[in-house]
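Below is one structure; the comments refer to it alone.
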Amino acid sequence: MIGFRRFGVLAVAGLGLLATGAYAQQIGMDKPMGTMAQHTPDYLKGAGLVERLNQPLPLATAFVDDAGKQVTLGQYFHQRPIALALVYFKCGMLCPQVLHGMAAGLKGTGLTAGKDYDVVVASIDPMDTPADAAVAKKTFLAGIGQPGAGDSVHFLTGQEPSITALSEATGFHYVRVPGPDGKMDQFAHSSVIMFATPEGKMSEYLAGIDYPTRDVRLALVNASHLKIATAKDLFLLYCCNYVPSSGKYTVAVLRILGLAAMLTLIGIGLGFYFLSRKKPMSGAAA
């Protein structure tokens, strides 16, 4: 006879397998998530991330800052490491979450923008304007919680050649996808923040939308000492509002919901296990 403890664990494990299988089908994965192997749908083939560790950034590339001033990327590389993100400012899906997670991760490091590091956020959309950048920067500064950090936080827009140069150097690839109205004004891309050394070389990548303060601090400290991280498997979330084949907004949401569902099931399983250890079934042998 299967006891309560074993039944609970087996039941939850079964649910977990079912949920994982359904989730994998929904997002186009044909292998278990534990293998970290992801099958990329056709419409995301051009989107993704290749870690360009130790790759020099195109410091002479021209951009426009959030105040409308012409700048070059190299103006922000002096004696401090850079926390870097590529997003687009009109994004309504994952990009705001990336920036929120980046601000939260930086806030708790105990490091100070302008003293210990600088921030550069560049848009991948050539249609974004300095006004769009200024709005996004204001929200970011509120999240980072450092009065006076504005001069060390730089939100940039640029033309296609500049964006492409930065994208290629960082290994951050994206593709245009149609919005609900059919216009090619949205982008599919991965969610990640990056770090660069003061001399302008890529040093580390943190994937997802939640960046632990410990990891952010370590990445900045290592970058400040010109240390380059080793390549690692990154489980990427994709920001993609529109799926051409179905007309649905799915990718980012399904991945987030799938991860949440699996974590919930794991929690339930652990709950069954520990409750059964503390409270044996009535009538069981002492």
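Glycine is no exception: its Cβ is also placed from the backbone N, Cα and C atoms.
According to TrEMBL, CYS91, CYS95 bind Cu cation; the candidate from HIS173, HIS189 that the record adds to this site is HIS189.
Fewest other C-beta atoms within 10 angstroms, among the recorded positions CYS91, CYS95, HIS189, are seen around CYS91.
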